[in-house]
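So that you can see what the record holds, here are the features copied from TrEMBL:
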| type | residues | note |
| --- | --- | --- |
| DOMAIN | 59-182 | domain 'EXPERA' |
| TRANSMEM | 5-22 | transmembrane segment |
| TRANSMEM | 34-53 | transmembrane segment |
| TRANSMEM | 62-86 | transmembrane segment |
| TRANSMEM | 106-126 | transmembrane segment |
| TRANSMEM | 138-158 | transmembrane segment |
| TRANSMEM | 164-183 | transmembrane segment |
| TRANSMEM | 204-227 | transmembrane segment |
| TRANSMEM | 247-270 | transmembrane segment |
| TRANSMEM | 282-304 | transmembrane segment |
| TRANSMEM | 324-345 | transmembrane segment |
């Protein structure tokens, strides 16, 4: 590990005493005051990093945002551990009075994912900054993941029975700044690698995967439309029982898959069969949507794996035919990850050879 990352990790860990102090002195705080304290603490983290921590030689404003996100990842991890009952009396008040929608099976899964997976992505991107290397591919992947996370969590909070507190506004920069980052990176597409062909095995294999993914996503969406098709009824009653009475989070994620992921999968399958050549649009958006799928599947599959929020009375979803459920979900989840990173790795290899 790069030694320059150690002070960043140490600073991030200060999120634990911050949560503890908030929980201990909850009687002195109202919702507005807590929101202002949250803004002040985040500002102090960035200011301290700007003056006291090592920085990359090449200035990059995103370094400070990723550093702040490391701090919030630790807070998210503690919230997730409190939600599932591993940690007690550290973030209980926050979950009860500030962001109650996180005190759910979905919220627990996403917070644990944020605390481990996103935290690792931030460290990797900052390490590449210190080394003067590009972090664009990882950044595209991360932006898809975190934007999806915020859309589903905040959207689910508004669409469900959970009360909305001012603290939810603390999520605002963590949606809009990744969106700005994504748009910025997409404008910087490298057209120099366009036209390099995929191998025949890659074309056929991943075209078949994308066709399956588009149909699979559509099948899941049809279960929400009360379709009378036999295959839809079979899937809902025997394979993915959680879709019979979906939570607001599951509903939003399923619709996001249908309206954004399914069209891309159909396009990718057609493009691989007809064109069969690597181009920036396909590579970039496969990375973004691979991040979306990684994040979404954690929320969807976490409860099936037993991730349970202690305070959430909702019964964990089950499946009658686990071999159908897990085989289809794993193929769907892993396929786009493989395509995105194989494409990105081959593109980077071409860039290196062309220099």
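A Cβ is built for glycine as well, from the same backbone N, Cα and C atoms used for every other residue.
In TrEMBL, annotation is done automatically, which means it is predicted and not curated.
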Taking contact to mean three or more C-beta pairs under 8 angstroms, with sequence separation of 6 or more, is the transmembrane segment (282-304) in contact with the transmembrane segment (106-126)?
yes
Between the transmembrane segment (164-183) and the transmembrane segment (247-270), are there three or more CB pairs that fall under 8 A, provided the residues in each pair are separated by 6 or more in sequence?
no
Using a cut-off of under 8 Å between C-beta atoms, tell me which stretch among 34-53, 164-183, 204-227 contacts the transmembrane segment (324-345) the most.
204-227
Close approaches to the transmembrane segment (164-183) from elsewhere in its chain (Cβ under 8 angstroms; 6 or more beyond its ends):
31-32, 34-35, 38-39, 42, 62, 65, 69, 72, 94, 97-100, 139-140, 142-144, 146-147, 150-151, 153-154, 157-158, 288
What residues in the same chain, six or more past the boundaries of the transmembrane segment (138-158), come closer than 8 Å to it by Cβ-Cβ distance?
62, 99, 101-102, 106-107, 110, 113-114, 117-118, 121-122, 124-125, 128, 164, 168, 171, 174-175, 178-179, 181-182, 185-186, 247-249, 252-253, 256, 284, 287-292, 294-296, 299, 340
Please average pLDDT over the domain 'EXPERA' (59-182) for the predicted structure.
93
DSSP residue counts for the domain 'EXPERA' (59-182), split into helix, strand and coil:
97 helix, 0 strand, 27 coil
